[in-house]
């Protein structure tokens, strides 16, 4: 579980509620079942219309990705590729076939290394891996697009809920003393719509896009490493080229570890 996203949601909504209470309001004033039905029901319905079922059926996995802390140690991956490079230069490409039985290995990397062992042409390997990377990124963007769409529909549904509430208020003006409370309740729908869009749907979409960028960089580095291993590149040359995918701090840490070794 990614604690950061949970903390962000709690702080976001908590700040709004705290500020409302500080101004003398009661949390119960912000509760309106009908407004919630209009905003959440309308948003879900609009999203369901906008995307095919084949994409929506993966929503559970998409939510899990957004709320899961993805741990990737790029420095360890570079060390792994360096070891493979050293091994293949000494014993040939077939020497890493035993390493492919490791079930914990990234399927993307395993696929590339298996093609190397099988003697597939370098251009073919790169083409296949880049196609897989493009398809992966497309799936990620589809997932983020669902939440982007929800973030767009939600405020509109809030406005619709408010308009519906005002229609009811204006159709019954017999008791002017109740106008204020009724109008306040009507505007809760707008609050729900705008609040969930900017504190839930759109932030989750941005999180998914950020994760996609991270994984693209990781996979691009893996493709480069696999190609260098197939070429029989010097392990130190491989490390030097892969360092281009790291931040300056990560490069310093990697060099420090190598120096200690």
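The chain as shown is numbered from 1 upward.
Keep in mind that glycine also has a Cβ here, set from the backbone N, Cα and C atoms.
Within the domain 'Motility protein A N-terminal' (6-86), the DSSP-based counts of helix, strand and coil residues read 65 helix, 0 strand, 16 coil. Feature annotation from TrEMBL assigns domain 'Motility protein A N-terminal' to 6-86.
Here the domain 'MotA/TolQ/ExbB proton channel' (102-220) has, by DSSP, the following mix of helix, strand and coil residues: 105 helix, 0 strand, 14 coil. Positions annotated as domain 'MotA/TolQ/ExbB proton channel' by TrEMBL: 102-220.
For the transmembrane segment (5-21), the list of distant contacts is 27, 29-30, 66-67, 195, 199-200, 203-204, 207: same-chain residues at least six beyond its ends, Cβ to Cβ under 8 Å. TrEMBL lists 5-21 (among others) with the feature transmembrane segment.
Annotated transmembrane segment per TrEMBL: 27-51 (among others), in sequence order.
Marked as transmembrane segment by TrEMBL: 146-171 (among others).
Residues or ranges marked as transmembrane segment in TrEMBL: 183-204 (among others).
Sequence-distant contacts of the transmembrane segment (27-51) (same chain, at least 6 residues past either end, Cβ-Cβ under 8 Å): 17, 20-21, 142, 145-146, 149-150, 153-154, 157-158, 160-161, 164-165, 184-185, 188-189, 191-193, 196, 201.
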